[in-house]
Structures are given as C-alpha cells and as structure tokens.
Amino acid sequence: MTRRARLWVLAAGLLAVAALYAAACTQLPGFGGSWHPYGDRAVRAALQQRTANAVSSVNFDLRGFDTLGEESVLFASVLGTVVLLRRTRDEKRVPPEPVRVPAPLRRYGRLMLPVTLLIGLYVIAHGQLSPGGGFQGGVVAATSLHLLYIAVDYPALERFRPLGLYELADGAGEAAYVLLGAAGLIAGSAYLANVLPPGTFNTLSSGGTVPLLNAAVGIEVTSAVVVLLAHFLAQALEIEGEREEGRST
Amino acid sequence: MDDAVVVAALVLVAAAATAAVLQRDPARQAIVLSLLGLSLAALFTVLQAPDVGLAQLAVGSAVTPLMILLTVRKVRQRKGRPK
Amino acid sequence: MNWWLAAACALVAGGLGPCLWGAARGTAGRRVVAQNMATLLLCLVFLLLAQGYGRPSYVDLALVVAVLGPAGTLVFTRLLGDEMEARPPGARLLTPAVLVGAPATVVPMCVATGPGRASVKLVFTGVLLIAGGAVTSRAVRRG
C-alpha cells in the first residue's frame, strides 16, 4: 500500500472515531453534579463506620481487599527492581567521590529531616480524618530520609540507612496488612472486615481497623521506597562495571 | 464560576503534558515532568480529590525526578560520555 | 466564586503558566529556577483553595508542598548542578517572591481563620515555605 493510501485509510478511521466519540459525549451526564449513586452510598457507609475521610474508608474498610492488591503490586515491583539492580559478578563497588556542600544547605538538610519525617507520620496517622493515609505519608517519610543525600552527601545517607532493616520492615508491613485481615476471620466475620470498635467520629482512634491498616501500609511504603531508591543510588553512584570509568556524586 | 479554576488547571495539565512529550533530552524532561506532576496535583485538588492530589505530589516532586536523573547518570556513564 | 478562588485561578493561569514556559525551554539553570518558582506558587495556590472552598484540611497539601517542593529543587541542583550556569535568569526573583507571597497569603488567612491550632498550622507552613525558598534560591545560584 502506498503512503498516500495509508494516510487516506488513517483519515477515514480517525473521522469515524471522532464521529462516534462526539455522539457518545452528548450522552454523558453533566459535569460535576452534586449527586452520584455510588458516591452517596459510599459516604453513608463511611459515616456509619465513623470514618471522617470517606476515601480512606473506601480504601481500607469498604474495599480493603483491593488495597491489599495495590500494596502487593508495590511490594512485587520493588522486589523485581532489587533483583534487576543487584550487583553482578562483573561489577565492583567503588567509593563515591566526595562533594563540597555549603554549610547552610547541610544545616537545612539536617533540620528538615525530622520535620519532614514528622509531617509524613502526621499524614499517615491522620489518614482516617483528613486527606492522606499510609501511601502518601509513607512516600513523604521516605523522601525525608533522602534529604540526607540531596542536602548533605551520600556517605551521610549510608550511615543512617541500614538497608537490611528496611528490607525487613518492608516485608513486615506487607505481612502486617495480611495478618490484620485475618483478625476479621478470627472475630467470626469476613477477611478484612472492620471488627474493631468504630470509636468517636473525627478523633484519632475512630474508624476501627482503618488507622491500623494505614500504619501497616505506611511502614511498607516507606521501606519500599527507601529500598528502591537505595538500589538506584548504588547503581548510579557506587557500582562500576568494567566498561565504565570515572564516577561522581 | 468555580469552573474557571478547573478550566485553568485542565489547560495547564494539557500544556505541561505536551511540553513533556516534546522534550527530547531525558534530564530536561525530568524537570518538565516534575511540573506536570505539580499541575496534576492542582487539577486533582480543584476537582475535590485531595487524597489523589497528595499522592501525586508526594511521588512526583522528589522521588520520580530522582529516579529519572540517577538512571540518566548511569546510562551516560556506561556510554562513556563525559558528564 | 469568592476572592480566594479568584486569586487561586490567577496564580494558576498567570503564575504556573509562565513557570511551565520557563521550564520547557532554555538553559538548565532557567528550568530549575522555574521549577522552584512553581513549587512556591503551588503551595500558595493550595492555601488559597483551602480557604476558598472552606475546607481547612487542604492545608495539609500546602504543608507537604512546602517541604517536598524544595526537596525536588535540591534533587535537580544536586544531579544537574554541573550543567547549570552560575547565575540563571530569573533566580533573583525567587527570594522576593517567597518573602512577599508567603506573608501575603498566610496573614489574611490567619485573620479569616481566627486564633487557634489552624492558625498555628498556617504560620508553620509559611515559615517552612520561606526557609525552603531561602535555601533553594541560594542553591540554584551556586549552580
């Protein structure tokens, strides 16, 4: 088929798609209405469970099993990355070059590490009350640790990052979520059912199992991101194959 | 009139995504992708989805650019290009 | 549509738009400066949206941007530092922007919220924003 014929076929196809798409768009419901059948039911169920953040209620209570799947996706992808980025036999580890970092920047990094970590823990702990939760807070907490790399230098990060412990914590967080689900079975209900007392609305202990699952996801995501970045950093800064020469920080 | 903010955010996201695709150098693309992440976080927030916005913010501001730039550095080292 | 939302819309269109323009073209230094300015403006946008929609929980988003935004800029100065020039264009706008923008947003919001824990959170966010802005504007100029 010549190029012109191909382009004519493409034009015909695109025209047909455009016509069908326009016809479908005229049948869409209005944008941003105040009523949605699923939204109404979800919010009512969340309030029944006394969880102020309806999204967290959907994630960890009403559809907790889906979140287990998502967490496992993160866990599996970090596992795959660790395998792919491991140091092979023809690669050797070399110390990274030292880099000069101005003193105000070092002070900022050392000061903001606990502040950012606390903000991350705050977002995890308040997942059932305000926007946030285990995933968001976990990534913020993991980023706080890496302020040591970007605002100080790589050896400072290595001193504060015992990698084995983080790998252990990753597995522990994943296992904690699975085992907390089993608590529902032990209490005579379904797997991942919310069997703890729901507590008072809009307090830290409300929502039953939601804060506990948030904490488990928080631990898992923090450790997973730290382990992931550790392997990227090691490959880019420390590990040299036989064909590479020179490295930097 | 609330729609004005939504329209502004939508246009910004479309522009940022187009700009990201038109960048050819991966290191420069990381910067535009960081801006795309920020625009998406703003869009999700004006559409009243702050949890998603917070997740986008957390991942897109520091972790993703770090991974991209470390990968670019490693690939350039292997090719032997001077840094 | 109240004044807060109008201000947020103006910042998105008139602030983040030019930042995108600056980040998409030009030298590495100019792009990183644009990214830094964008994180600063985004924090202010979130604060204005929190007030405009009447949802104080959105201040958490501004709090996270105030700490992660500078972290993102520092990632770029660290890993692209040798490609950035010593005095990138627009870098001298960063410090005045944060010193004017942060109080100009936080103080009216504190007045509207009244004294209490919410105001303390707002002031804390403003302080983090100014600290992050000061450090990153110097880091960007060093190249």
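Placed from the backbone N, Cα and C atoms, the Cβ positions cover glycine too.
As given in TrEMBL:
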{"type": "SIGNAL", "residues": "A:1-22", "note": "signal peptide"}
{"type": "TRANSMEM", "residues": "A:72-88", "note": "transmembrane segment"}
{"type": "DOMAIN", "residues": "A:105-226", "note": "domain 'Na+/H+ antiporter MnhB subunit-related protein'"}
{"type": "TRANSMEM", "residues": "A:108-129", "note": "transmembrane segment"}
{"type": "TRANSMEM", "residues": "A:135-154", "note": "transmembrane segment"}
{"type": "TRANSMEM", "residues": "A:175-193", "note": "transmembrane segment"}
{"type": "TRANSMEM", "residues": "A:213-234", "note": "transmembrane segment"}
Most Cβ pairs under 8 Å to the transmembrane segment (A:213-234), of A:72-88, A:108-129, A:135-154, A:175-193, goes to A:135-154
Would you report the average pLDDT that the model assigns to the domain 'Na+/H+ antiporter MnhB subunit-related protein' (A:105-226)?
90
Contacting positions for the transmembrane segment (A:135-154) when only residues 6+ beyond its ends and CB under 8 Å are counted
96, 98-99, 101, 105-106, 108-110, 112-117, 119-125, 127, 160-161, 217-226, 229, 233, 237, 249
According to DSSP, how is the domain 'Na+/H+ antiporter MnhB subunit-related protein' (A:105-226) divided among helix, strand and coil residues?
87 helix, 0 strand, 35 coil
